[in-house]
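Data first, discussion second: the structure below is written as structure tokens.
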Amino acid sequence: MNQHTDTTSSFAVRLARSRTWLIAAGIVFVGSIPLLTPSSYIQNVLILTFLMAVLGLGWNIMAGYTGYVSLGHSAFIGVGGYTAGILAERWDVSPFLVAPLGGVAAALVALGLGLTTSRTRGPAFVIVSFAMLELLGLLTRNFSSLTGGSKGLAMPLPRWDLTFYNWPFYYSLFALVLLSLLMTRAIRRSKFGLGLVAIRDDEDKAAGIGVVTPVYKSLAFMASAVLVGVAGAIYGYYLSYLSISTMFDIVLSMQVVLAVLIGGRGTIWGPVLGACIIVPLSEATNTTMGGSHAGAFRLIMFGGLLLLVTLALPRGIIPTVEAWWRRRTAGPVSPTGARLVETTLPDVPGSLRRPADAAAAVLDAEEIVMRFGGLLALDKATVSIPRGSITALIGPNGSGKTTLFNVIDGTYTPTAGRVLLEGADVSGLNRTRRAFKGIGRTYQLPRLFNSMTALENVAAVNSSFSIRRLAKSAVSGAEAARATELLEFVGLAEYVHEKATDMSYGQRKLVELAQVLMLDPAIILLDEPAAGINRTLLKRLSGLITALHGSGRTIVIVEHDMEFVLSLADHVTVLARGQVVATGDPAHVSSDPRVLEAYLGDDFVLEGANGRPA
Ligand SMILES: Nc1ncnc2c1ncn2[C@@H]1O[C@H](COP(=O)(O)OP(=O)(O)OP(=O)(O)O)[C@@H](O)[C@H]1O
């Protein structure tokens, strides 16, 4: 280690140590501002900044962590505000007392949004979230007997000394910012948070490694709304009068997106930083521009800012600074660029050994029919996978191999037929439940969670579900140890803490294999594992598959590299035009005239299947 690295790392240690003190000092400072200055202007700007920060932190849980971008998040301000306003009027109590119910109402609306949009993703979700804002505004207008309609709803008058009018709003919203920060931090560090990041990176893949996506999403949506609802109740009271245009404000929804994008989406402090930039800027245009031009000027300024952020800081301030800091403090060489070399791999971990019982089939796909409109991808395909076997599933392009994998793992619901795992019908189970039962698979193009490290990718796998488990630490010590052991087993010991996005195609394939093994699968489906990899990796992959087979694992390989797959397989099934045309041992199948005609060609010669001359 050189002197420069020594200095920077000791600085990092000092910085980490003083972080808690910095935060504590910041809290004391912001908390004492109303005592230090009687300026209600400063207090008002800070109150709006707190509101934006709470809104941003909520939005960040939905869009930053879960990947569902909402353009209607300010609707939860409106729901919270109107709930508290109506209840305070009915029960003749302070809106502060009923503010938590505003949060509950917002969480319930968010749950409704989650349930109604369970299959809506990407731009469609953005539009639905915007429609929610409009719809709730419209409902508020129409239920005028409750909400006052377009006339608005007056909040009760404050019962405290007006010299300190702002104080209760200031401190309660400040407390909500702190609470939102704590909640975001707790989520980020929990298994729940790791699952949300998996959903953001690749929702279908997350479902396939045991993340119960509907539950995670519903909880995330509720978490993103609950404190915003409470803040809405307090904000409504602060304004003293609720109107549809201020409580269901589309401009606020846009500003919060901009604030979080500037600060850093998917970070804990990004929304707070963004709020501290956007709100004072907005207020400054109000005071300096004044008059009728302020609104137009603000729009131009925010539009320009959005353009600037997208072009210059696409990840936001905090992630950009963090990346710069990592580059400064990183060691001179990252292993991800290194070539994979031939190496002696560790033995199969004891936890991966399974007793082999060659008599029984692990998996049966019976009479599977899969239609895509007029296209018949699988035509009564029946496949039986013997326990402890390496089965090669081969056939021409478009013969239905990947479709069969998709039917087996629950990605597709077949038009007809059923899938049995260990003799039990799993046809009615979704993809996640099938993962819990032990169906693990890799993809033709490896699918990893790009924002996670190799270790997190492997540790993100869940083989069961319980609500209590969600609150546990994202990666427990035992999980980290097992994930490390599996990464060592596939030869990636040095890459444990590397980001998936920084890894090469071949390395990603190995991480994905380790990920599947984390599931302790009853059957391992490998989709074209040899495609696009060099000879060294091919050799390593052969070694791993042979070792796993030797420890009793059942493996199915879809592959076009006949030399590779037939040298490993002890059982072969051939698909052509969605039908099984042959099944049996490699020597038998590779000399079958139907297989030669449909796929291998007349000149095909099988050499050394399973090390034996054919
Ligand atoms: N989601 C889908 N929608 C429509 N058609 C599909 C879908 N998935 C697969 N198909 C079609 O089903 C047929 C079988 O495709 P599949 O990917 O299973 O073949 P394959 O044997 O895996 O091919 P390859 O060896 O090229 O990967 C193809 O004609 C394909 O276009």
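Sequential numbering from 1, following the chain as shown.
Cβ coordinates are placed from backbone N, Cα and C, and glycine is handled just like the others.
Listed ranges 125-144, 245-264; the one TrEMBL annotates as transmembrane segment is 125-144. Counting Cβ pairs under 8 Å that are 6 or more residues apart, the transmembrane segment (93-113) and the transmembrane segment (219-238) reach 3 or more and are in contact. Sequence-distant contacts of the transmembrane segment (42-61) (same chain, six or more residues past either end, CB-CB distance under 8 Å): 30, 33-34, 70, 73-74, 76-77, 166, 169-170, 173-174, 176-177, 180-181, 183-184, 187, 196, 220, 223-228, 231, 235, 238, 252, 255-257, 259-260, 263, 265-267, 270-272, 274-276, 278-280, 283. Just going by CB pairs under 8 A, the stretch in 68-87, 125-144, 164-182 that sits most against the transmembrane segment (20-36) is 164-182. Predicted-model confidence for the domain 'ABC transporter' (363-602) is 92, expressed as mean pLDDT.
Beyond the ends of the transmembrane segment (125-144), by six or more residues, the same chain brings 68-75, 78-79, 82, 109, 113, 116-117, 150-151, 244, 247-248, 250, 253 to within a C-beta distance below 8 angstroms of the stretch.
Long-range contacts of the transmembrane segment (68-87) within its own chain (CB-CB distance under 8 A, at least 6 residues past either end) are made by residues 51, 55, 58-59, 62, 93, 95, 98-99, 101-106, 109-110, 121, 125-126, 129-134, 136-137, 140, 146-147, 153, 155, 217, 220-221, 224-225, 228-233, 235-237, 242, 244, 247-250, 252-254, 256-257. Counting only same-chain residues 6+ beyond the ends of the transmembrane segment (164-182), those with a CB under 8 A from a CB of the stretch are 27, 30-31, 34, 40, 43-44, 46-47, 50-51, 53-54, 57-58, 96, 99, 158, 227, 230-231, 234-235, 237-238, 268-269, 272.
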